[in-house]
Amino acid sequence: MILRKAGKTGLAEATIAQRACMARLTAPISRMRIALFEPEIAGNVGAVLRLGACMGADVDLIEPMGFTWDDRRVRRAAMDYIDHVSVTRHSSFDAFRATIGPRRLVLFTTKSSHSAYDFEFMADDILLFGKESAGVPAEVAQVCHARVRIPMRPQVRSMNLATTTAIALGEALRQTACLPS
C-alpha cells in the first residue's frame, strides 16, 4: 500500500502524504467508499465489487435494487473477489445517510458542470453513483456535498456504471495518494 523510497539513512521511508494516507486507512471509518444508489444491473454491481476488492474501497448498496442479492450474475462478475470486499446493504437512502456521519458525499452525475479532474478529493470521501437508467432524484443530489462529472464527448449520453466507477475511484485514489501499490 505504501510506496517507499530510500531516505538519507538508506532505510525505506514513506512520503508524508503516504504516511497520512496510511494513517487514515487504518482508522475505522476512514477509507474511501463507493455507494451505488438503487443499482439495476447485477453484472455492474459484480464488476464494482471486484473493483472495490482490487482498489481497497468498501461498497455500499442502497436498495431497492433491480435484482435479487443472490443473483448469479453478481457472483459471476465479481468472481472470487467478492470475498475480499466489505459490502453494506442499506434499505433506503435515508438508512444509508444515517450511517455515514460527517463524511463527504460526492455525487457523480452527467448533470454537473464541474469536472472530477478539477475537484479535490479527500481520502474518506464516499463516491455516490446513481442507477443506470435515471441517476439519482433531485432530493438525493441536493444533500450531496459535491456534484461532479467525468468529461466525455457531447454526442453520447452516459458511460456504463462500472466504467464510470472505475474512472472516478482511480482519480480519487490518485489525488489522495491512496492507490494500492
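From the backbone N, Cα and C atoms, a Cβ is placed for every residue, glycine too.
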(request) Among Gly101, Gly130, indicate the single residue that TrEMBL lists for the S-adenosyl-L-methionine site containing Ile150, Ser158. (result) Gly130
(message) For the S-adenosyl-L-methionine site (Gly130, Ile150, Ser158), what does the 8 A shell look like? I mean other same-chain residues with CB within 8 A of the CB centroid.
(response) Phe108, Thr109, Thr110, Phe129, Gly135, Arg149, Met159, Leu161, Thr164
(request) Output the one of Gly130, Ile150, Ser158 that, of all these binding-site residues, has the highest number of other Cβ atoms within 10 Å of its Cβ. (result) Gly130
(request) With DSSP as the yardstick, break the domain 'tRNA/rRNA methyltransferase SpoU type' (32-169) down into helix, strand and coil residue counts. (result) 53 helix, 29 strand, 56 coil
(request) Summarise the model's confidence over the domain 'tRNA/rRNA methyltransferase SpoU type' (32-169) as a mean pLDDT value. (result) 94
(message) Over all pairs within Gly130, Ile150, Ser158, the annotated S-adenosyl-L-methionine binders, what is the largest Cα to Cα distance, rounded to whole Å?
(response) 14
